[in-house]
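Chemist: Take a look at the following structure, please.
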Amino acid sequence: MALKAKVLYDFHSENPGEISIAENEVVTLFSEEELEGWLEGENSRGEAGLFPASYVEIIRDHITSNNNGFSLTQTKVQTSYTSSQPHRGFGAGSSSFHTSQGSDDDWDDEWDDSSPVANVPQGLSSSPPLHPVATSLPGRGSSQQQQAKSSATVGRNLNRFSTFVKSGGEAFLLGEASAFVKDGDRICVVMGKHGPEWQEDPYPFTCTIDDPTKQTKFKGMKSYMSYGLTPTHTNVQVNRRYKHFDWLYGRLVERFPVISVPHLPEKQATGRFEEDFLSKRRKGLIWWMNHMTSHPVLAHCDVFQHFLTCGADEKAWKQGKRKAERDELVGANFFLTISPPSVPLDLQEVESKIEGFKTFTKKMDENIIVVNTSINEFGRKQISGFKKEYQKVGQSFKLLAQAFELDQQVFSVGLNKAISYTGESYEAIGEYFADQPRQDLDLISDLLDIYKGHLANFPDIIHVQKGALTKVKDCPKKEGELHDRCNIISFATLAEIQHFHRTRVRDFRSQMQYHLRQQISFFQKITAKLEDALQIYDDDQ
């Protein structure tokens, strides 16, 4: 006998492979097994596909009695959302969560604890969600169920690949977010000269990162690199490994769905102790740290401050780590922390700004690739081609000087030395060219790397905001009810865009100025070398 289910709430398909179902409709299930919160079946119109498991109740074969007489026993199927996104993972409505860009090796003892969620891959946990934001619909007959039924008519987008859902944006927009927000957790958006922006940081600070040092454990059987961090607001150094940065990154991405958390430099399985790799990684971490400490929101969040200030006290470190992993203000609940200006936004104007920014980021991303390719090619030419050509010319001059020495005329000695020195000068200039990319071009490449990460983040951030705008447009009867919450998402998104532009202008102005100064210094050094060679000819007269 085919397995049947009764539909509890309307669902309108929005993606290929989904089917629409209507309240009180009886559908046929192909299998009782869920696929990431979805069931596969056939509706009453004969259409086959996927629909949300939480929108139906499975009809069992046996009859049981209840207060109203007799009814079919029905088992509600709950749903959970998991993310396969490479850059952004969100906590709302998801199972136990751990975002990671990878670590260099196994966790230290200081990171091992009895937390049931520690290092559980997303979607594989058998325990309930760590942060139970109410994205799944409640049981029948409750007042909450009526609210969920009402919000269902708004038109949910429960595609498991939708960032709007995974971020918690939809749950917040439909009024399902619930958490206690302390005053210290409030994030203020203010109206600046050019639009919404994060409230200025009253206590700015920076953080230096020292060259890494090689450490060992297990009596020298295992090695790792440790970085000394010294924040200016404490002036106390703490030591962190790359995997500690990686753990922090995961927490931040989970906590802030509409903030662009800078990407960490890539990990490397082999050659982790090679000097060039360590130097490049440190430069990447310095850029990462600069972007973290200059962000008014990220710089002062609890988990980042714990990362910067907790020293060698293992107990305190574990307590802070567990607290961060049990943070309730993630996903949908994050938006509860936003305190927007009292001035309402024109959503049509917001949509126009978002579209303009989307076009900007696409163009910037394309041209970053062009610039990176060009400077990398130019750098390779300097390191190999230019160096080789200058050295070839230099050697030819030196050979000419050696030939002239065969004349053994007294009046020819000065000329011979001058030509030989000219050859040496050209060889030295070849070395200058080979060394120069490390002084300027590589630094531009490092800057482009951090911005490639930001540009990879923004499509998801924009998707959350556009999802909110779409819901408001699609539900004119509930527009007043949804408008305020859409305003909050829009204010936060526009504030983050404003911060991105300010940071971009600061970074690129500073880096291009530095690049040009280095280029001027470089060519002055070449000029000085050639003038020295020229002077020798004058001295010979």
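Backbone N, Cα and C atoms are what each Cβ position is placed from, and that goes for glycine too.
OK, TrEMBL features for this one:
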type	residues	note
COMPBIAS	77-86	compositional bias 'Polar residues'
COMPBIAS	93-102	compositional bias 'Polar residues'
COMPBIAS	103-113	compositional bias 'Acidic residues'
COMPBIAS	142-152	compositional bias 'Low complexity'
DOMAIN	1-61	domain 'SH3'
DOMAIN	205-315	domain 'PX'
REGION	77-153	region 'Disordered'
Chemist: Just give the helix, strand and coil counts over the domain 'PX' (205-315), going by DSSP.
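Modeler: Each residue of the domain 'PX' (205-315) counted once, the result is 46 helix, 21 strand, 44 coil.
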Chemist: I'm checking region-level scores; what's the whole-number mean pLDDT for the domain 'SH3' (1-61)?
Modeler: 85
Chemist: Could you give me three numbers for the domain 'SH3' (1-61), the DSSP helix, strand and coil residue counts?
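Modeler: Going through the domain 'SH3' (1-61) residue by residue, I get 3 helix, 29 strand, 29 coil.
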